[in-house]
Amino acid sequence: MLRHCSLGLVTTQISAIAPLRLVGSPLFCRSYQDFAGRDRRSSRSREDKPYNSRTRRFDDEGSSNYSSSRDDYRGQNTYGFRGKAPRKNFSSRDNYSSRDNFRSSNGFQERGYKNKFSKNTKSYSKGGNTSGSFIPEGKMAKMTHIGKSDSDIVVTLESLLEKNVISRDLYDSISRMGFEQLTPVQQKTIEPIITNSDSDIIARAKTGTGKTFAFLLPIFQHLLNTKIDSQNKVKSVIVAPTRDLALQIEDEVRKIHSKNRKLKAFECVSLVGGTNFDRSIRYIEKVSPSIVIGTPGRLIDVMEKFGNKFFKDVDFKVLDEADRLLEIGFKEDLSYINKMLNTLNTNSTEHIRTLLFSATLDHKVQSLSNDIMNKEECLYIDTIDENEPQAHEKIDQTLVVGETFADNLYAAIEHIREFGTKTPNYKSILFLPTVKFTKFMATILKRQVKLPIYEFHGQIDQKKRTRIVNEFKTMKKGLLVCTDVGARGMDFPNITEVLQIGLPSEIPNYIHRIGRTARSGKEGSSVTFISKEELPFFEILEDKHNVTIKNIRKFEAQPHVMADLSLRLHVSEDELQEIILSVISFYRACLKDYGINYKNMLPQIAHTYGTLLQNEDKRIPLAGNHILNRLGMDRDPIATKMFQIDEMPNQYNRRGPRSNYNRRRF
C-alpha cells in the first residue's frame, strides 16, 4: 500500500507547524509609503487580483527544444510565444510521446502501465483514485515535527563520530575540507537521516545554509555502511532543478572524494540536458556510479531506456530545491520518476527513502510530498523560526529608489563604478529580468568599469556556462551579470554584494538572489535599484516573507552621467527596441501579482527608450498591432503613451512599412 505524508494533517505534537505560510508583522514600515507617496490601502493585495488571461511574455530565454533545466522562471499561468512557455498544468513530459508508458525493454506491458500510472491520475495511488483530492487515498504516514527550538544541543562532527553516527573515514574527509562547525540544517538532519532508516525526511532551511552537505554526508555514510552491496550499483538519485545546480552538487561530491581515497570507490555521475546522451551512458557503464545527479528531463530519458540496467538497487532519492522544481513545472515529472524508481526496485516498491529539501513549504510542496513518500513515518525538520525573516540575517539589505526605471540603470552603473574601484577584491552578482537586458548591461559594463565581467543566462550553451561558473568561482574579483538562472543553489565563494535592477520573476526569488552572499557564516550585502512605482513589491515581501528593508536611499540622476552613458551605448535603435520590449513583456506578466499600477509602470519602462537616446519625446516605433498583440496590449489605451504606432495602410497595401524589429519572429 502506498504511504503518504501530509504536512496539513498532523497530531497535537506538531500543531506548531499548522500555519505553513509565513506572515510578517502587521505593522508595515512607513518608509516604503513615504517614498511611494500614497496610502497603503490604495493597493490591492495579491489575492484580490484576478488572473488576466491576456498577460503574455516574450520567451527570450527559452530554446527551440524544451530542456529539463529551462531558465525562463515563469509562473505556470503565463504565456509565451511559439509554444515554448509553460502553460497551466504543463509538464515537460508533454513533449515526449513515449512517457505514458515504460519502454518494453524495462519489462512492462505498455497498456497495463498506462492504466496503473496514468499521468491524468492526480493522486497516483495504486488503487486508481482519480478524484483529484488534495490528500490521496492510502495510509497516512506518521508525522514527527522537529522544530528549530526543540533542542539547544550543538551537534558537531566530533559528537557524531563519538556516537558512531559517522565513520572515521567520513569524519576525516569532512574535517580536511576545513569545516569549523555544522550549520543548523546539518545539525538537525544528518543524524536523523542516518539513524532513522525507516523514515522519509522533509527539511526546510534558508538558502545558503548548507543543505547540500546535509544530504551528501548521510548518503556517503550509507554507502560506507553497505560497502559490499553498494559498489558498482546506483544507490542514490539526486534530482536538481537546473543543470548548473546539478553540476555544482557533483563538484561537492568530488571534493569529498579528494579528501579520502576510500570514498573514491563510490563514483558519481551527472545527467543533465545540453550534454551528449550517448557519451553519458558510456560513462555510466564505465565507472558504475553509486550516486547519480540529474535534472528531471534527462533522468527520465535515461531511466526509460536503461532503467533495468542501472536503477534497480536505489536506496535514496533526494529532491534538492523542491520548491524550485515545482515552480518550473516539474511536479508530474517528479511523480513519474518516483513511480519508475519504485517499480524498478528489486527490494520492494516502498524500499526507497525520500529526502526532500526546500527553502519554502507551500501547498505545492505538500502535495508533492503526498505523491512521493514511501515510508510509514516522515520526519519534518524545520530550521526556520516562523517569526524570523526568511532572508539571511547576516545580509545588509538596501533599496536605492529613483524616479524612473531609467534611473535604475544609472544608479547601478554609478554604484559598480564606485565600489568596484575602491573595494579590494570586489566580487559581485548583478541580477536582471531578461536575457536581452542582461546582454545589454554586460556590454555596457565591460566599457564602463575595469572589472572582469561575466555574462550568464539560459541562452548560453551548457559547456560555456560550466566554464563561466568554474572561472567565476576561482576569481578574486569580478562581476557576474545574470538572469534568475543564477538565483538558486549556485555557491560562489566570497561574494561581496548582490545587486538587482528591477524585480525578480517570483517573489521568493528575491530571497534566493540575495542568498548568493553571506554564505558559510559570512556577512554580505545586497542593493536593489528600483523606481518608486515598484515599491509595492516590498510591501508584499514583508507581509508574506517577513522581510523588512530599513536602508532606503533616494537616487537623483546627474545629467552629465546620463549624457555620458548615452554616448557609450553603441547599440542600434532596433536593438534597443528589442531590449526595452523584453522588459515590458517581463513586467507585463507579473505586475498585478506585485500590486503595481501597470498604467504607470509600463509607460515608464517604455520611456527608457527615449531617455537612453537623449530624446525624452522619442517613443518606440511600431508598425500596426503586430507587436502589441504579442504583448497582449492591442486593446490597451496606454499603448499610445508608450509607442509611436504607425497605422496599417489601406486594403490595397496591407503590409505597410515595417522596421527590422517588426519583421522578426518570436
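Quick reminder: no glycine exception, Cβ is built from N, Cα and C everywhere.
The transit peptide annotation in Swiss-Prot covers 1-22, and the record cites sequence analysis as its basis.
Annotation comment: Swiss-Prot describes 38-60 as compositional bias 'Basic and acidic residues'.
The region 'Disordered' annotation in Swiss-Prot covers 38-131.
Annotation comment: Swiss-Prot describes 120-131 as compositional bias 'Polar residues'.
Taken from Swiss-Prot, the feature motif 'Q motif' applies to 159-187. The motif 'Q motif' (159-187) scores a mean pLDDT of 92 in the predicted structure.
Here the motif 'DEAD box' (320-323) has Cβ contacts under 8 Å with residues 211-212, 215, 238-241, 245, 249, 356-362, 364-365, 368, 488-489, 508 of the same chain, all six or more residues outside its ends. Positions annotated as motif 'DEAD box' by Swiss-Prot: 320-323.
Panel annotation: around the motif 'Q motif' (159-187), residues 148, 194-195, 203, 205, 209-211, 213-214, 217, 220-221, 224-225, 255-256, 259-260, 262-263, 381, 383, 521 of the same chain, lying at least six beyond its termini, place a Cβ under 8 Å from a Cβ of the stretch. Residue counts for the motif 'DEAD box' (320-323) under DSSP (helix as H, G, I; strand as E, B; rest coil) come to 2 helix, 0 strand, 2 coil.
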